[in-house]
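Novice: Copying in the features that TrEMBL gives for the protein in this structure:
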BINDING   B:Arg22, B:Glu85, B:Arg124, B:Lys458  (6S)-5-formyl-5,6,7,8-tetrahydrofolate binding site
DOMAIN    B:220-379  domain 'TrmE-type G'
BINDING   B:230-235, B:249-255, B:274-277  GTP binding site
BINDING   B:Asn230, B:Thr249, B:Ile251, B:Thr254  K(+) binding site
BINDING   B:Ser234, B:Thr255  Mg(2+) binding site
Amino acid sequence: MSYHAGDYDVIVIGAGHAGCEAALAAARMGCETLLLTINLDMVAFMPCNPSVGGPAKGHVVREIDALGGEMGRNIDKTFIQMRMLNTGKGPAVHALRAQADKFLYQHTMKETIEKQERLTLRQGMAEELIVEDGACRGVITKTGAEYRAKAVVLTTGTYLRGKVIMGELMYESGPNNQQPSVKLSENLRSLGLELVRFKTGTPPRVHQDTIDFSKTEIQPGDDKPKYFSFETEYSDLANQQIPCWLTYTSEETHKIINDNLHRAPMFSGAIEGTGPRYCPSIEDKIVRFADKPKHQIFLEPEGRNTKEYYVQGLSTSMPEDVQLRILRSIPGLEKVEMMRTGYAIEYDAVVPTQLWPSLETKLIPYLFTAGQINGTSGYEEAAGQGIMAGINAARKVKGEEPVIIDRSAGYIGVMIDDLVTKGTNEPYRLLTSRAEYRLLLRHDNADLRLTPLGYEIGLIPEERYRKFLDKKNRVEAEIARLRETKFKPDEEVQAMLASLESAPLQNTVDGVTLLRRPELSYADLEKLSPSPVELTEDMKEQVEIQIKYTGYIEKQLQQVEKLSKMEKKRIPEDIDYGIIHGLATEAKQKLDKVRPLSIGQASRISGVTPADLSILLVHLEHYNRVTAAARG
Amino acid sequence: MTEDTIAAVATALGEGSIAVVRVSGPEAVERIAPLFRSKTDLREAKTHTVNYGWIVDPADGAVVDEVLVTVMKGPRSFTAEDVVEISTHGGIVAVQSVLELVLRSGVRMAEPGEFTKRAFLNGRIDLAQAEAVIDLIRSKSNRAFQVARRQSEGALSKKIVPLRRQLIELLAHVEVNIDYPEHDVAEMTASAITETCGKVLEAVRGLLKTAAEGKILREGIVTAIVGRPNAGKSSLLNALAQDNKAIVTDIPGTTRDIVEESVSLSGIPLRLLDTAGIRETSDVVERIGVERSRGALNEADLILLVLNHNEPLHEDERRLLEELEGRPVIVVVNKIDLPGRLELDEVRSRFEAERIVEISAKEGTGIEALERAVSKLFFGGSIESEDLTYVSNARHISLLHGAAKSLQDAMGAAEEGIPIDLIQIDIAAAWEQLGEIVGDSVGESLLDQIFSQFCLGK
């Protein structure tokens with residue numbers, strides 16, 4: 001028996017990192033939104049590592065923030081350590097990484113959601129989608145509540161037919177012993193969606209008081225940390241940071257693992273799901289890289305008010321007794337108490353080539369999916385898709401065109417394009433090397449790339465936008481000023497150059513030319529010629545980066561420009577590839593499956609050759625001319 | 001819609017005629033003008049005029065060829081874009097050198113059928129022709145694909161593959177440093193980058209030098225000479241070689257221990273497969289026989305089937321005749337100076353008259369007829385007349401130049417202390433350009449390399 005439980009514009013199923021962003025975005029864009037979760041205590045839960053950010057992932061958090069999302073603000077309020085990685089490398093790959101107080105992170109996000117206007121948070125297990133006339137119109141829960149909506153976003157994480165595996169032990173479960181979602185998975189399959197089985201894993205957790213930190217190396221945070229959100233200017237937490245610790249596996253560790261491989265489900269065949277290469281279990285690492293004498297193990301606190309430590313580097317699905325022996329073979333952990341056992345988890349995911357770039361399913365209009373259900377891995381990847389699915393569900397409800405972020409405008413765009421165009425045969429993780437325009441997709445310029453869009457779609461409030469424009473204008477004005485400012489080879493200038501071991505000036509040059517010298521920074525130039533208007537550190541950094549790397553930036557911009565005509569050349573959604581004369585059979589099948597929206601997207605499908613693209617172009621031209629002629 | 005500028009050889013291969021390099025696109029005039037020495041500056045040349053002058057290498061001013069250059073401004077041109085056509089002397093060397101210079105000046109090699117495609121997209125070709133345009137693109141692409149596949153097993157590819165290997169290992173290392181900054185993988189240093197790039201650069205320069213000497217890159221129509229041991233294959237080979245005093249190359253084959261030789265047949269370079277096999281003494285030939293020829297058959301653009309006029313058809317030969325139907329075959333009936341015992345009617349029932357040539361290798365008669373038949377076969381329409389093998393060589397040379405430049409940029413940047421993620425851009429560019437020569441595409445393979453080279457994980 002079911003009962004009518006309410007009407008909404010958008011329903012989001014699942015309140016993990018994707019679901020939270022999706023629900024907040026939809027509600028903030030004016031939609032009456034319902035956020036359903038199996039367990040209200042698990043909102044924005046971090047079932048694996050207690051950290052946010054890093055290369056590419058941190059970039060995504062900045063992008064989410066630039067669009068008006070929550071993850072950046074939330075981690076800024078709840079971090080226990082902040083560290084900028086890759087500072088010795090170029091500005092494009094500087095990457096912020098935070099250790100989170102995972103409990104505070106959850107509670108803070110839950111509070112934000114609870115306070116959000118037009119957003120209802122409710123506990124309930126979604127079991128069946130309501131599909132009418134082919135379109136998704138709501139959901140029915142285990143308790144018979146029938147929620148109706150104009151659009152539904154599915155963010156089920158690793159819950160779909162979840163199965164936990166530890167050695168010989170195997171049981172149906174979501175992450176961290178939560179209830180798995182079995183019926184919904186069956187429902188999706190019966191609706192015709194193609195599902196795949198993926199696998200991921202998590203390491204054991206240990207008690208702080210049983211760790212001998214003297215045998216480990218300290219890994220502190222930055223003294224003057226940067227923040228994820230463009231809105232965070234200062235935090236008291238900067239002075240209350242907690243370190244992580246580094247140790248290594250030992251010879252003994254490797255021996256224990258090798259002696260117990262027959263009990264490892266990875267090798268006994270018990271695991272059918274595909275795991276990620278970039279996140280292998282310790283047994284996998286030791287088998288595949290037998291020559292490597294030791295592996296890094298980071299000990300990371302799970303929060304301020306807990307003694308639990310996460311053992312990064314030791315993801316495993318070995319039996320519990322073996323896990324304990326492995327832990328105790330590691331320097332510093334000889335007497336460790338294990339609080340939670342590591343495990344592998346298998347789950348169902350949707351084959352992501354079934355989605356439009358808006359994250360709406362092609363099969364069932366008004367149904368969107370985001371996060372791990374789309375075959376990705378990682379909180380940030382999930383949140384990045386979540387915000388886009390929320391935005392596009394809201395826009396669809398309002399009868400507006402979907403928003404699609406270009407590959408040259410954000411890692412979010414790279415990720416979604418990869419997923420819907422190429423699919424993935426393992427849990428997908430973002431890496432900076434997946435972006436072809438890495439230099440354009442910097443940590444520092446996420447606001448320049450995406451905040452105008454966030455404002456346009458209604459997620460960035462007026463006041464924040466004005467502040468953003470002010471920053472942009474000041475940066476541009478300062479670059480223009482430096483271009484006009486002349487530096488003569490006088491005593492002051494030559495002395496400064498000498499002090500920086502930079503060659504003396506021969507002629508008068510402008511400030512831009514001078515700043516391009518690798519030895520000089522904006523701070524040096526500022527001493528000779530300070531800006532007449534006040535600039536924040538962020539603005540100065542922006543001026544410096546934009547001037548110093550102009551050559552490389554221009555090169556990438558030209559490539560973007562060159563390819564943009566391919567991206568702009570649209571393909572009708574209802575095109576019939578079967579009737580296109582001359583198209584290779586493989587290309588026909590692939591194109592028909594992916595149904596790319598532009599020639600640019602089509603060019604990224606493996607198996608579609610340049611000749612196929614040419615033929616497609618000729619066909620489209622033919623089609624357009626015929627249609628034009630028919631219209632008279 | 002702004003397009004880039006493309007170039008290709010628009011005429012068939014062959015000596016004695018004129019060859020045309022066609023350039024089309026918004027920058028056609030601008031790119032070609034610096035290569036053209038004449039009393040008219042091409043930028044000021046009127047549309048639809050023919051201009052006399054020389055193509056020179058702008059790097060050193062060396063004259064490459066005496067040419068006529070036609071300028072046709074869009075939309076009154078074949079593609080409706082600005083078109084420049086450079087008419088060079090025929091023959092491989094001149095046209096290849098000109099094309100190579102054009103490509104090095106920043107013009108892209110046209111894809112198969114691209115001029116026609118542009119003509120269609122720009123409305124110069126009637127709507128009714130859409131299907132014909134598609135067929136043209138498809139057939140040219142198929143042919144290009146076959147050529148590319150063959151080249152991917154060629155001598156040049158074999159030299160490129162290990163260079164790319166070095167670069168991808170370097171790239172994977174750089175990427176790991178970027179994406180896994182806290183991992184215990186040593187940081188890539190400027191000196192390590194300079195060292196690897198330097199080694200690869202040296203090798204690329206070596207290839208360019210050999211290319212300039214015409215030793216590696218000048219490949220011709222891959223030709224197999226097949227027939228029974230006593231049919232006269234080796235005397236045909238000698239006749240061909242004698243006729244062209246210079247044997248152009250002598251490349252020890254890398255995969256199959258077969259020696260290849262090139263001869264020029266009225267300006268058409270033939271790359272003869274398995275000439276060693278043919279030249280070996282007859283008893284050895286008996287042993288190797290048809291089996292060995294069969295391998296050559298599958299690779300060949302052109303098959304010369306040699307039959308003995310003086311003997312009846314052997315069972316092997318009947319089988320060959322049957323197997324070779326539909327292939328680019330010329331039947332060479334040798335020893336016509338001796339009495340005829342061959343069942344010529346049977347041969348004629350399978351092959352058209354123009355595909356059957358009667359010669360006497362011993363007396364040197366009929367070689368001209370053979371030349372005509374080859375020429376007809378390749379330029380008469382039954383095989384794609386555009387020889388992509390040699391055209392793509394110019395492309396290879398320009399790609400090698402591009403890779404060399406990227407490697408130099410990377411080394412320069414490393415020296416200046418530019419961050420590795422920026423140097424990576426140039427290293428990746430070099431890797432991609434070398435990849436275009438061997439036909440590999442970029443993408444997932446770098447990720448594969450990263451995860452197989454390094455142990456990563458959380």
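Glycine is no exception: its Cβ is also placed from the backbone N, Cα and C atoms.
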Novice: Would you kindly give the Cα-Cα distance separating B:Ser234 (Mg(2+) binding site) and B:Arg22 ((6S)-5-formyl-5,6,7,8-tetrahydrofolate binding site), rounded to the nearest Å?
Specialist: 41
Novice: Can you see whether DSSP assigns B:Asn230 (GTP binding site) to helix, strand or coil?
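Specialist: It is helical.
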Novice: Note the mean pLDDT of the domain 'TrmE-type G' (B:220-379), expressed as a whole number.
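Specialist: Averaging the confidence scores along the domain 'TrmE-type G' (B:220-379) gives 71.
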Novice: Name, in the order they occur in the sequence, the residues of the same chain whose CB lies under 8 A from the CB of B:Arg124 ((6S)-5-formyl-5,6,7,8-tetrahydrofolate binding site) and which sit 6 or more residues away.
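Specialist: B:Arg124 ((6S)-5-formyl-5,6,7,8-tetrahydrofolate binding site) has long-range Cβ partners B:Pro75, B:Phe78, B:Thr79, B:Ala80.
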Novice: Please report the Cα separation of B:Lys233 (GTP binding site) and B:Glu85 ((6S)-5-formyl-5,6,7,8-tetrahydrofolate binding site) in Å, rounded to an integer.
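Specialist: Cα-Cα distance, B:Lys233 (GTP binding site) to B:Glu85 ((6S)-5-formyl-5,6,7,8-tetrahydrofolate binding site): 42 Å.
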Novice: Helix, strand or coil by DSSP: which one applies to B:Arg22 ((6S)-5-formyl-5,6,7,8-tetrahydrofolate binding site)?
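Specialist: B:Arg22 ((6S)-5-formyl-5,6,7,8-tetrahydrofolate binding site) sits in a strand per DSSP.
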Novice: Whole-number Å only: compute the distance from the Cα of B:Ser234 (Mg(2+) binding site) to the Cα of B:Glu85 ((6S)-5-formyl-5,6,7,8-tetrahydrofolate binding site).
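Specialist: Between the alpha carbons of B:Ser234 (Mg(2+) binding site) and B:Glu85 ((6S)-5-formyl-5,6,7,8-tetrahydrofolate binding site) there are 43 Å.
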Novice: Hey, does DSSP put B:Glu85 ((6S)-5-formyl-5,6,7,8-tetrahydrofolate binding site) in a helix, a strand, or just coil?
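Specialist: DSSP call for B:Glu85 ((6S)-5-formyl-5,6,7,8-tetrahydrofolate binding site): strand.
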Novice: Give me the non-local Cβ neighbours of B:Glu85 ((6S)-5-formyl-5,6,7,8-tetrahydrofolate binding site): same chain, 6+ apart in sequence, Cβ-Cβ under 8 Å, ordered along the sequence.
Specialist: B:Ala10, B:Val20, B:Val21, B:Arg22, B:Val23, B:Val69, B:Thr70, B:Met72
Novice: Within 10 Å of each Cβ, count the other Cβ atoms, then let me know which of the binding-site residues B:Asn230, B:Ser234 comes out lowest.
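Specialist: Taking B:Asn230, B:Ser234 as the binding-site residues, the minimal 10 Å Cβ count falls on B:Asn230.
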